[in-house]
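To start, the structure under review is shown below, and the notes come after it.
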Amino acid sequence: MYSMSMWNVGRGRKKKGRGMTGKGELLHPGKDLSVLLTSLFLCSPVDCAIKAMVKHEQEEFPNRPDNTAFTQQRLPAWQPILSAGIVIPGFVLIGLAFIGVGVGLFITSRDVQVLELDYTGAVATDPCYKCSDPSIKNCECTMEFHLDTLFKGPVFIYYGLTNYFQNQRKYGISKDDNQLYGDLDTFKSPASECFPYGYDSKSKPIVPCGALANSMFNDTFRLYRMVNGSKKEVPLNGKGIAWWTDQNVKYRNPNETPLINAFNGTVKPINWPKAAYELDTTDVYNNGFINQDFLVWMRRAALPNFRKLYRRITKDEYQAGLPAGNYSLEISYNYHVLSFKGKKKLVLSNISWMGGKNDFLGIAYLVVGSLCVIMSIVMLIVYAKFKFPEED
Amino acid sequence: MACECEAVICCRVTPKQKANVVSLVKKYKKAVTLSIGDGANDVNMIKTADIGVGISGQEGMQAVMSSDYAFAQFRYLQRLLLVHGRWSYIRMCKFLRFFFFKNFAFTLVHFWYSFFSGYSSQVAYEDWFITLYNLAYSSLPVLLVGLLDQDLNDRLSLKFPKLYLPGQQGTLFNYKNFFISLFHGIFVSLVIFFIPYGAFLQTMGQDGEAPSDYQSFVVVTASSLVFTVNLQISLDTSYWTFVSCFAVLGSIAIYFGIMFDIHSAGIHVIFPSVFTFTGAASNALRQPYLWLTIILTVGLSLLPVVCIQFLHKTIWPSVGDKVQRNRRKYEMQLEEEEKKKKTSGFQRNRASRRSAYAFSHTPGYANLISTGQSIRRRQTAHGGNAGRRPAL
C-alpha cells in the first residue's frame, strides 16, 4: 500500500514537472467518456481496461515532449569515419584517375596547331608600323607567313587583344539591354549606364549606346594563298561565329522593315565607321543588332588577354585544312591599341574535343594526380608508424 | 582555499549567500558556472549563475520558472551536460567554423579577380548567385549540422566523461581555429579562382567559339564553389541522416535549377535588362573541358583537407577520435553490460529513490521521509537505505 501511494505521488510530481500549473491533473469529462465508450465497444474487457489506462495516462500528460525520432535525436543515421581503409586507397584511385585525365588532356592539347601573328606595329621593323599612327585613317598593311605542314581543318581565325580589360566593371555595364532587345522606346532614351556614350555632342541618342558597343573591333582581314606566284583568296566564313542564344534570343532587331526606319532620330556610336543597320546590308539575318561580329564583340571576355572568333575556313578545297605554303594577310588597320600598350594578334587555330590549345589543365591534372599518389604513400607510412596499440 | 578542494559543502546558507558563492566563483575563477536547485531559496543562485537549472518537484515551480533548463530529477543533470551540452558545443563550433570558411572562400575570389580586372571591383559571380548563395545554395546543410550532428551517440558520451573536456577547455573554437578557417577559406578561394583562370587563358570552345568569356567563367567559378562548399560540409558531418543527405543534394539541385532558369530564354524575354546571362549556363556546361575544370577545382579544394585531417587524427588523436575509432567495440561492450543488467532480475532502480531533501518553511512532505512511510522496507541483504533515518 505504501508503494502504491508512493507511485501515485511520483506520478503526480512528474505531471507538475512539465513546467505548467497543476491543470494537467484535471480529468476532462468528455475525453474520459469517449475513452470509456470506445473501450466498451471495441475490445475485450481486460484489453479495454489496459487500453483505457494507457490512453488516460497519455491524456493526463499533455505536456510530455514529442517522443519521435526527430525530436529525440534518434534518427537512423550513418556515421562514417574516414578510416585508413577508405582514405588511402581512395587517394590512390583518385590520383591515378587524375593522372590518366591529365595525360589525355596534355596529348590532345599538344596536337592542336596554333599560329599567332602579332600585327600591332609597335616597332619600326614591323610591316604594320606605318598604320600604328592614330591620325592615319583607312590604312592597309600586309603580313606574310609560311606554313610548313598542312594546318588541319577546320581552321578558325581569331583576333586577339592584350591588356584590354573588357572585364572592367563600369565598361561592362555600359550598355542598354532593352535597346539591344529591340525596344523602340529606349532608342530615344538610352539607359543612364551608357553615360558618356548615351548621347552625342548634339544631344542626339546613340544606338546602340554604351562603351561596350562603341569600342567594337573594326579591323578586317583578307587571307591570300600564294599559288604559282599569284595571290588566291581563301574564302572566309562569317556565319555561326556567335552563340546561337545570342543571335536568336538575347539580341533582337526592332520590329521594323526596312531596319533603317527604326533608327530615325538616332546616331551611330562615335567610333563606328557605319551605323548598326549597315553592318551587313547583304544579309538581313546578319544586320543590325544580330550581326555576328557585333555579337562576338559584345560577349565580354573574362580576362585582359583574350581572343575572339573572327572567321572560319570551311569552304571547298580548304575543308581538310590549309595546305603548306606561303600566305599573305591583308589587314585594314582601324583599331588603335598602342595608347594603352595593348597588342593585336591574328591567331589561326584548329580545335579538338577539349577546345583550343591550353596546356594548363593537362599539366594541372598531372601535378594533382601525382601529389595524390605521393600523399597516399606518405599517409600509409604515417599510419603504419603510428599504428595504435589497444587503447582505452 | 576553496578552489583547492574537490568539493565544498555549504550548509545553513540563506538564498543571498548562495548567490554570493556563485558570483565569487564567477568573478575570481573566471569560470562558467552552473547551479541547480529546486526550491524558492535557490532562485537567486540560479539567476546569478551562467546556467541555471531548476528541478521541478516537491518545492514548487519557482526554481523552474527562473531557470534556463528544467527537468524533474537531479540525475538528469548528467545527461544534460555530458550528452546534450557536449553535442551542443560541438555543433556550434562546427557550424561557426564552417560558416566562416564558406564565406571567406566565396568572397576572396573577388579579391584575386581584381588583379585581372583592372581593380574595378568586378564581381566574379553572377549577381543573382551572390544573392542566393548564403540563402539557398549553402545554408541548409550547415544548419542541419548545427541541429542534428552527433559525433558519438549518447551512451558512449555518458560512458566516457573525458569527452566533455574539450568543451571546458574551449578547444574547438578559439582564435587558432578561426585563423585555420580563414586560411582554409583563402586556400579554397585561390583554387577556385586560379584553376579556371589557367583553364580560360587563351582557350576556345569545342566548336571553336571561345568559351573564355566572362559569363562562362562566372558559371564555372560559381559551380565549383557550390560543389566544394557542399561536399566540404558533407565531409565534416559525422551523423548522416536522411535529412542531411537531402539537404546537400537539394542545395546542389536548387543551384542548378535556379541557374538554368535564370539563364533561360523565357525569363530574358520578360525581363531583358534584369537577366542578362541568357544561354551562359547551357553553353558553358555542355563543354567537357569546363566540367573537367570544375572537377579539378573541387578535387584540389577537398583532397588536401582530407589528407591533413587524416594525418592529424593519426598522429595526434584526441579522446573523441580514439573513441570514434573503436566505437563498435565499445558499443558491443555496452550491450553486453546491459544484457547482464536485464538478466539479473528486477532491481529497484536506486536512482529514483527519494534521497534528496528539501527545506521549506512549512513541514511539507518531510513526514513521509522521516517516518519511513515512503520507503519500502526491504528484508534482503542489500542493506543500505531500508529504514535508514534521514539526517535532518
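Using N, Cα and C of the backbone, Cβ positions are placed for all residues, glycine too.
Note that TrEMBL annotation is computational and uncurated.
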- Which one of these stretches, B:54-73, B:214-233, shows up in TrEMBL as transmembrane segment? B:214-233
- Query: Looking only at the domain 'P-type ATPase C-terminal' (B:64-318), what is the mean pLDDT?
  - Reply: 90
- Query: Have the transmembrane segment (B:265-282) and the transmembrane segment (B:214-233) got at least three CB pairs under 8 Å, pairs 6 or more apart in sequence?
  - Reply: yes
- Note on the structure: If one takes Cβ-Cβ under 8 Å and requires six or more residues beyond its ends, the residues near the transmembrane segment (B:95-116) are 122-125, 133-134, 138, 142-143, 145-146, 173, 177-178, 180-182, 184-186, 188-190, 192-194, 197, 221, 225, 228-229, 232-233, 236
- Residue list, the transmembrane segment (B:178-202) vs rest of chain: Cβ under 8 Å, 6 or more residues beyond ends. 97-98, 100-109, 111-113, 116, 124, 211-212, 216-217, 220-221, 224-225, 228, 289-290, 293, 296-297, 300-301, 304-305
